[in-house]
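The structure appears below as C-alpha cells.
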Amino acid sequence: MRVVLLGAPGAGKGTHCKKIVGRYGLLHLSSGDILRRERAEGSDLGKKAQGYMDAGTLVPDDLIVEMMSKAVKGAPDGGFVLDGFPRTVHQAEALDRSLAKDGSGIDVVVNLQVGDEIVVDRITGRRSCPKCGAVYHVKNMPPKQEGVCDHDGAALVQRPDDTADVVKNRLATYYEQTEPVVEYYKARRDVRDVPADGDADAVAAVLFEELDALR
Ligand code: AP5
Ligand code: ZN
C-alpha cells in the first residue's frame, strides 16, 4: 500500500505514521526527519536546508524532489507512507510522474484536519528524543519522568522551529503552498479527510477504518 498523509504542521502526521507502520508494516518516509538527519550529519543538503527550516519556510523543490525520489525508489514492495511530502503542487506532480514511470501510483491520500489553535499548542508543547526519535507532548503525551525519554533515558529536546513565532510562519506557508496540494489530489482522486482535533487514539481509529478498507 502506498499512502500519502497530508496535514498542517502539528496535525499529527509523524505520530500517526508510527501507528500506521506498526499496523500495516509500511516504510515511513518523512521528509522532515530525513532533512533533520542530513543536518545532523552536516551534509551539503543539510547545510542548504537549515536556513529554510529554521525560518519555517519550504526547502526548494528541486532539492526535495531529488531527496524524496531516492527514498521512494529504495522503498520495499510492501509500500510506504509519505509524511511531509509532497508539500507543493510541483512536488505532487513530480511524485506522480516518478511513480508512473515504474507503472505504479499512490493508493490513498489521507488528509488530517486540525484547527490553528490546536496546531500552536501541539507544536510548542512537542518534545522529542534525540537518541531514538520518540515524540512526546508536555501535556497530551508526557513521558513518565518529565524531560526524559521513556525508552532510553535521554534528555528530551525541543525542535528549533517549534517556537510560537516560527509556527506562525509554518502555518502561513502551509496555507499558501501546501493546502493547494489537497486540491490537486481532490481533482484527481478520492481524498480521505480525517478530523484530527481529538485525542490520538480516536484519530487513529478513524484512520485505521479508512486504511483497513483498502487491504
Ligand atoms: P516537518 O518535520 O515535516 O514538519 P511539519 O509538517 O511542520 O510537521 P510536524 O513534524 O511539525 O508535525 P506532525 O504533523 O508530524 O505532528 P506530530 O505527530 O509530531 O518539516 C519541517 C521543515 O522541513 C519544514 O518547515 C520545511 O522547512 C522542511 N520540509 C519538510 N518537508 C518538506 C518538503 N516536502 N518541501 C519543502 N520543505 C520541506 O505531533 C505534534 C505534537 O502534537 C506532538 O507533540 C504529539 O505528541 C502531539 N499530538 C499529535 N497528535 C495528537 C493528538 N491527536 N492529540 C494530542 N496530541 C497530539
Ligand atoms: Zn529515546
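Residue positions begin at 1 at the first shown residue.
Every residue gets a Cβ built from N, Cα and C, even glycine.
Keep in mind that TrEMBL annotations are predicted by a computer and have not been checked by a curator.
Here TrEMBL flags GLY10, ALA11, GLY12, LYS13, GLY14, THR15, ARG126, VAL135, TYR136, GLY198 as ATP binding site. The region 'NMP' annotation in TrEMBL covers 30-59. If you look up TrEMBL, you'll see SER31, ARG36, THR57, LEU58, VAL59, GLY84, PHE85, PRO86, ARG87, GLN91, ARG159, ARG170 marked as AMP binding site. Taken from TrEMBL, the feature region 'LID' covers 125-162. The feature domain 'Adenylate kinase active site lid' is assigned by TrEMBL to 126-161. Under the heading Zn(2+) binding site, TrEMBL lists CYS129, CYS132, CYS149, ASP152.
Neighbours of GLY14 (ATP binding site), defined as other CB atoms within 10 A of its CB across all chains, total 20.
The Cβ of PHE85 (AMP binding site) lies under 8 Å from the Cβ of LEU29, SER31, ILE64, MET68, GLN91, LEU95, each of which sits 6+ residues away along the same chain. Checking the binding-site residues GLY14, THR57, CYS129, CYS132, CYS149, ASP152 against ligand 2 with a 6 Å cutoff on the Cβ atom leaves CYS129, CYS132, CYS149, ASP152, in sequence order. Panel annotation: around the domain 'Adenylate kinase active site lid' (126-161), residues 10, 14-15, 18, 33, 36, 53-54, 56, 167, 170, 199-200 of the same chain, lying at least six beyond its termini, place a Cβ under 8 Å from a Cβ of the stretch. Secondary structure of the region 'LID' (125-162) per DSSP, as helix, strand and coil residue counts: 0 helix, 10 strand, 28 coil. In three-state terms derived from DSSP, ARG87 (AMP binding site) belongs to neither a helical nor a strand segment and is classed as coil. Other than CYS129, CYS132, CYS149, ASP152, the residues of this chain whose Cβ falls within 8 Å of the Cβ centroid of the Zn(2+) site are, in sequence order, PRO130, LYS131, GLY133, ALA134, ASP150, HIS151, GLY153, ALA154. DSSP assigns THR57 (AMP binding site) to coil, not to a helix or a strand.
Not one of the binding-site residues CYS129, CYS132, CYS149, ASP152, ARG159 has a CB under 6 Å from ligand 1.
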